[in-house]
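The structure's right below; bear with me while I get my questions together.
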Amino acid sequence: MKRTLKVSFFILCLLPLFLGSKAEQCGSQAGGAVCPNGLCCSKFGFCGSTDPYCGDGCQSQCKSSPTPTIPTPSTGGGDVGRLVPSSLFDQMLKYRNDGRCAGHGFYTYDAFIAAARSFNGFGTTGDDNTKKKELAAFLAQTSHETTGGWPTAPDGPYAWGYCFVSEQNTQEVYCSPKDWPCAPGKKYYGRGPIQLTHNYNYGLAGQAIKEDLINNPDLLSTNPTVSFKTAIWFWMTPQANKPSSHDVITGRWTPSAADSSAGRVPGYGVITNIINGGIECGHGQDNRVDDRVGFYKRYCQIFGVDPGGNLDCNNQRSFA
């Protein structure tokens with residue numbers, strides 16, 4: 001059993017935003033360009049929605065202008081438990097507590113429900129079919145990130161989601177201290193359902209859920225509610241020129257002209273592009289994409305909803 005992908009691959013696509021290894025995106029450094037999706041333009045010419053971008057020196061679309069709202073925990077999300085009772089959760093993630101899974105016993109139903117109810121709109125947007133599709137999509141993408149399945153696994157490879165808590169290579173530090181610090185001796189490798197990676201993602205997620213994840217990154221592998229919260233935060237939050245996965249699956253995202261020309265059309269495939277498009281998308285068939293689709297189809301079948309079209313990103317250019 002081996003987890004096939006980790007979010008660190010996706011983060012490679014975001015490194016230009018944080019490390020400055022790519023040409024500036026906006027402002028005087030980019031010929032007066034304005035950031036997409038209402039993002040702030042920092043004094044250094046990069047797009048974002050947090051204080052380093054919208055605060056001192058911000059060049060355009062600053063705090064007085066509309067910017068994307070980064071979700072913070074609230075008391076919303078009333079009926080996720082109605083749509084996903086514990087019996088259904090156990091059916092979907094059938095082997096998560098199997099002794100052959102390194103993370104057995106960690107991902108509890110109660111932790112998922114508590115985290116889900118902390119974010120307004122998650123699993124509660126639209127009609128019941130839309131809500132179920134979002135929950136199926138979230139559980140499918142995170143199941144792929146934590147999969148312990150193999151082709152001949154009991155009940156098939158798509159019954160083995162949520163098998164791992166931490167990535168298998170725990171030697172990498174993943175510290176890029178330009179915008180967020182790194183605590184001495186701490187590592188920011190992939191942890192949790194979305195395999196959150198890099199200190200700046202730990203910092204942003206911790207800021208949103210009010211936990212000090214810079215100094216306590218291991219909370220993602222010791223506290224299942226915190227772990228689920230970081231995954232849902234990632235799901236609900238737009239990234240630079242990328243929409244949130246939540247907006248895509250609930251039909252709230254409208255592709256721009258650039259998206260359309262890149263083949264990025266509404267559907268589950270765009271979510272894979274958001275998460276790991278620089279690695280998996282745009283070069284034809286990819287086994288990792290197929291695995292994500294396989295989980296999604298299984299979960300949609302369990303929910304009794306149509307998965308819809310545009311499930312892969314084989315012919316989509318990445319957002320990067």
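Sequential numbering from 1, following the chain as shown.
Yeah, the Cβs are placed from backbone N, Cα and C, and that goes for glycine too.
Residues or ranges marked as active site, proton donor in Swiss-Prot: GLU145. Annotated disulfide bond per Swiss-Prot: CYS26-CYS41, CYS35-CYS47, CYS40-CYS54, CYS58-CYS62, CYS101-CYS163, CYS175-CYS182, CYS281-CYS313, in sequence order, evidence recorded as sequence analysis. What Swiss-Prot records for 24-64 is domain 'Chitin-binding type-1', and it gives sequence analysis as the kind of evidence. Per Swiss-Prot, the feature signal peptide maps to 1-23; the stated evidence is similarity to another entry.
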Between the disulfide-bonded residues CYS41, CYS182, where is the Cβ count within 10 Å the lowest?
CYS182
Please indicate, using numbers and ranges, the residues of the same chain that are 6 or more beyond the domain 'Chitin-binding type-1' (24-64) and have a C-beta under 8 Å from a C-beta there.
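Sequence-distant neighbours of the domain 'Chitin-binding type-1' (24-64): 17, 70, 179, 204, 207, 238, 240-241, 243, 256.
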Please report the distance from the Cα of CYS26 (disulfide bond) to the Cα of CYS35 (disulfide bond), rounded to the nearest angstrom.
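Distance (Cα to Cα, whole Å): 6 Å.
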Between CYS40 (disulfide bond) and CYS313 (disulfide bond), what is the CA-CA distance rounded to a whole number of Å?
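It is 29 Å, counting Cα to Cα.
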If you count Cβ atoms within 10 Å of the Cβ of CYS175 (disulfide bond), leaving out that atom itself, what do you get?
16
If you count the C-beta atoms lying within 10 Å of each candidate's C-beta, which of the disulfide-bonded residues CYS26, CYS40, CYS58, CYS62, CYS163 ends up with the smallest number?
CYS62
Under 8 Å Cβ-Cβ from CYS281 (disulfide bond), six or more apart in the same chain: what's there?
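Correct list: GLY269, THR272, ASN273, VAL289, CYS313, ASN314, GLN316, ARG317, SER318.
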Let's check the environment of the residue listed as 'active site, proton donor': how many other CB atoms sit within 10 Å of its CB?
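Taking every protein chain into account, the count is 27.
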Would you mind pulling the DSSP three-state label for CYS58 (disulfide bond)?
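Going by the DSSP assignment, CYS58 (disulfide bond) belongs to neither helix nor strand, so it counts as coil.
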Would you mind splitting the domain 'Chitin-binding type-1' (24-64) into helix, strand and coil residue counts from DSSP?
10 helix, 7 strand, 24 coil
Could you work out which of the disulfide-bonded residues (CYS35, CYS47, CYS54, CYS313) has its C-beta surrounded by the smallest number of other C-beta atoms within 10 A?
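CYS54, out of the disulfide-bonded residues CYS35, CYS47, CYS54, CYS313, has the fewest neighbouring Cβ atoms within 10 Å.
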So if I draw a 10 Å sphere around the Cβ of CYS101 (disulfide bond), how many other Cβ atoms end up inside it?
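There are 24 of them.
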Whole-number answer please: how many Å between the C-alpha atoms of CYS101 (disulfide bond) and CYS47 (disulfide bond)?
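Taking the Cα atoms only, CYS101 (disulfide bond) lies 40 Å from CYS47 (disulfide bond).
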Which recorded positions from the set CYS47, GLU145, CYS175, CYS182 come within 10 angstroms of CYS54 (disulfide bond), judged by C-alpha positions?
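Cα within 10 Å of CYS54 (disulfide bond): CYS47.
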